[in-house]
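A.B. asks: Pasting in a structure now, in C-alpha cells, and then I'll have a few things to ask.
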Amino acid sequence: MAANAQGGARGSADAPAPKKNAFVAYPTAQASAAAGDPAQRNEWVPRIDGVAVLLLTTLCAFTRLYQIGKRAAVTWDESHFGKFGAYYINRTFYHDVHPPLAKMLVGLSELLAGHNGTFGFKGDYPPHVNYTFMRVFTALFGIGLVPLAYLTCHQLGLRRRACVLAALFVTLDNGLCVMSRFILLDEPLLFFTAASLCSVAGFQNTRHRAFSAEWWRWLLLTGASLGLVSSCKWVGFLAVALVGLYTIEELFKMFTERTPGMVVVRHIAARVLCLIVVPLAIYAMCFKIHFAVLNRSGPGDAKMPPAFQARLRGSALSHQPFTVAYSSRLTLRSMHSGSGLLHSHAHRYPEGSQQQQITCYGHSDSNNDWIIVKPVDGSGSTNNSSTSSTSSNDDGSNSMAEPLESVRHGDIVRLMHNSSKSMLHSHRAHAAPVTTRDYEVTAYGKLEWKDANNNWRLEIVSEQGTANTGELHAITTQFALRHVVTGCLLSAAAVQLPEWGFRQTEVTCRKASAPSAATLWVVEKHVNSRLPKEDLRPKVKSSFFRDMVQLNVEMARSNNGLVPDKDKYTHLESDPWTWPFLLYPMRLLGSWNEGDIKYYEVGNPLLWWASTCCCILLPLRLLYHFARRQRRQQGVWSASELQHYWDVSKLLWGGWALHYLPFFLMGRVTYIHHYLPALYFALLLLAFEIDQWTRRSCPHALQGATVVAWAAAALAVFCWFAPLTFGYAGPIEALRHR
C-alpha cells in the first residue's frame, strides 16, 4: 500500500527533498515544535511532555502499588515463578517451558529481598520472606509501561492529548493492573514488548537520516528489546515478527524506488547485525547466565543430556564407573530429544505379539535398569561365545565373580530388564504399533534361553569424552544397537504411544543401515560394585550451544504438552475468541469464601470493547480511504495524511494482530492473560483513533472535552471494578452486579 511512499509521519530539516510523486511528511504539533527549537529537536520527549509523563507515571504507580501486599499468601502462579526464583538463590537446576530472563529477574528480586531460598512458595508467606518487595519489583515493569506508551505515541506523531490518553488507558485497565501486582512473568514480558514497539517507532522516525547516530541508536535499541522480550517468553517472538514484517516492507520500498545497490546492501547488513545478531546474542547470553548460575543438580536434570548432568554439582552421574563391563547395571538414554530412558514394565502390547512393552520414559524409575550380558553358547554368535552364567545382583555385580571384561565396539550383547528378568527382543513377525514401517521391540525370553532374536551388536558411533579406546564408556560414548537377525537399529524417535502405553515414547527397531539421532544411545548411569567410581567431570565434554538447543527443544515439548482437557471444566482456561470481548474473566485463586482476599482478572470493559471495535474496523477503514483516493473523490485524505495513518496503524494494528491471531493456531491451554500483549497495542490504537476522529469530526472547542470525557469514563469504570483489582475480602455476593 505504501510502496511509493517517500515521506513519513515526521520530517527533518536535513532530510532529502521528496520526489515529485512521493508522499510528503505529515505535520504534527510535536514535529513542528521540534523543528523550530534545536534544543527540543535532540530530545526524545520535549520538556513539557516530561511533566505529563511524570504525573501519569505517578498515577500508574499508585494503581500498581496500592495495597500490593494485602494478601499474605502465595497467589496463583506465584507458586511456580516464585519457586523458580528460589532455584536461582539455591543455584539448583530446574526445567520450565519459558526462557530464563524473566525468571532470573524474579530470582534477582528475591535476592534483593533477602530471601534465603528455603521457602517453597506454598501457602502463607512466612515472616522472613519479604514478598511485598518481590511484588513491588515486578510491578515496576508494569509502571514502566506508561512512559513507554507516551513515548511511543509521541514517536508515532500523535498529538500530546492522544499521548496522554494512551498512557491513561494503560494505567486504567484493570486487567493490566491486577497482573502487575504479583510475582509473575507477564510484566517483564509486557515491558520489553512495549520497549520493542517504542524502539521501532523511533527508528521509523529516523528513516530519512539513515546511518546517523540517532538512526543507529534506535536500530540497536530495537534489536536489544527484541532479544530481551524473546528471552522472557516465546510469545516475544511475535514482536520479532512485527519488526521483521516492517523491515521487509522497508527494504521492498527501497527496491521499488530503485535505491542504489550498495546502499541497499548497507541497509541489509545493518539490519542483520542489529535485528538478528544482537537479539540472538542476548538470547544466548541469558541461557549462558542461566547455566552458570544453576550449577547444582536439581529437578530439571533429566531434561538435559547426560554430559550436562555429569558436570552439575551433586549429580549422581558425576561419580560412577567409567568403563562399562559385562554384568553391569545400566540405564540407557536415547540421544533423540524428548525420547527419554529405555524402559519396560509389566504391561503387554494389546496387539501384535502381545509381549511385554518396551518404551522410553523421561523420569527416574527402577524399570529403567538393564543388565548387559553376553549371548548364550550356541546362539550363533561369532564374537563372544562365553556365557554369563547367572544373573546379576541388585548392585550390578556378577554373583559368580567372573573376570571383569569390558564391553567393546562390535560385541554382540544382550540386555536383561532388571525388574522382570526379560530380555530386550525384536523380530520380523510383527510391526511396531505406531511406526508400522519398523519392527516391534519387546521384552521377551529368559537369560538362559538360546534365542538369537535377543542378540544385539553394539556399534560405537562417537566418543564425546577424552578417552577413545574402543570401549563402551558411561556418559561419553554414543552407540547404536543393531539387531543381529534383522539388521535393524534400536530406535526411539519421540513418537508417543496411545493410552495403553501410558503416553510414553515408542521404541522400535528401525530398518536403517546408518545410525541417526533416533538410533543413538548413551549409558547414563552405570552401577557395578566391582569397578571403582571415578570423577567423570574431567572426562566429559559439554557444548554450551548443544546444551542450549537441547533445552529449547525440551521447552518446546513441555509447552506442547500443555493441552486443555475438553472434558474437564475449569474457571481458569478460556478460548482466544472470547478475549477481546471479555467474556470469561479469570479468578486468581480458587476459594472465594468470605474473608478470603479475592482477585479477578477482569479488564476495563470500556477499553477492551472500544479497542476491539477499532481493531476489527481498522482494515475496513483503511480499505475505504484507499478506495476513495483511487476514485479521486472530494474530501479524500491527502497523500501525507494517508501515509501517516498507514505508518501508525501498521505498527499498532499489526502488533495487535500478530500478538492475538496466532493463539488460534496453538494447541496448548490458553488463558485470558495471554491477550495482554495484544491489548497493549489495541489501547494505543484506540487512543490514535480517538485522536483521528476528534481531529477530523469535532469542532476545535470540543476536541479537548472529548478527550477528557474518554479519560473520565475510563477512570469511572476502573474504580467500579477496583475492589477485585486491589483485593476484596467481603462476601462476593456484594459485587455480583459487577
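Just so it is clear, glycine is given a Cβ too, placed from its N, Cα and C backbone atoms.
Copying in the features that TrEMBL gives for the protein in this structure:
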- 377-399: compositional bias 'Low complexity' (COMPBIAS)
- 321-375: domain 'MIR' (DOMAIN)
- 404-461: domain 'MIR' (DOMAIN)
- 470-526: domain 'MIR' (DOMAIN)
- 372-402: region 'Disordered' (REGION)
- 132-151: transmembrane segment (TRANSMEM)
- 163-183: transmembrane segment (TRANSMEM)
- 218-248: transmembrane segment (TRANSMEM)
- 268-287: transmembrane segment (TRANSMEM)
- 606-624: transmembrane segment (TRANSMEM)
- 671-690: transmembrane segment (TRANSMEM)
- 702-723: transmembrane segment (TRANSMEM)
A.B. asks: Same chain, outside the transmembrane segment (671-690) by at least 6, Cβ under 8 Å from its Cβ: which residues?
C.D. replies: 145, 149, 152-153, 156, 158, 162-163, 165-166, 169-170, 173, 175-176, 179, 186, 189-190, 193-194, 197, 235, 238-239, 572-574, 576, 578-580, 584-586, 601, 603, 607-608, 610-612, 614-615, 618, 648-649, 652-653, 655-657, 659-660, 663, 706-707, 710
A.B. asks: For a three-state summary based on DSSP, what are the helix, strand and coil counts in the domain 'MIR' (321-375)?
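C.D. replies: Helix/strand/coil tally for the domain 'MIR' (321-375): 3 helix, 26 strand, 26 coil.
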A.B. asks: Please compute the mean pLDDT of the model over the domain 'MIR' (321-375).
C.D. replies: 94
A.B. asks: What parts of the chain pack near the transmembrane segment (702-723), using Cβ distances under 8 Å and only residues at least 6 beyond its ends?
C.D. replies: 63, 161-162, 164-165, 168-169, 172-174, 177, 600, 602, 604-607, 690, 694-695, 735, 738
A.B. asks: Where DSSP helix means H, G or I and strand means E or B, what are the helix, strand and coil counts for the domain 'MIR' (404-461)?
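C.D. replies: So the domain 'MIR' (404-461) is made up of 3 helix, 28 strand, 27 coil.
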A.B. asks: For the domain 'MIR' (470-526), give the DSSP counts of helix residues, strand residues and coil residues.
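C.D. replies: Per-class counts: 6 helix, 25 strand, 26 coil.
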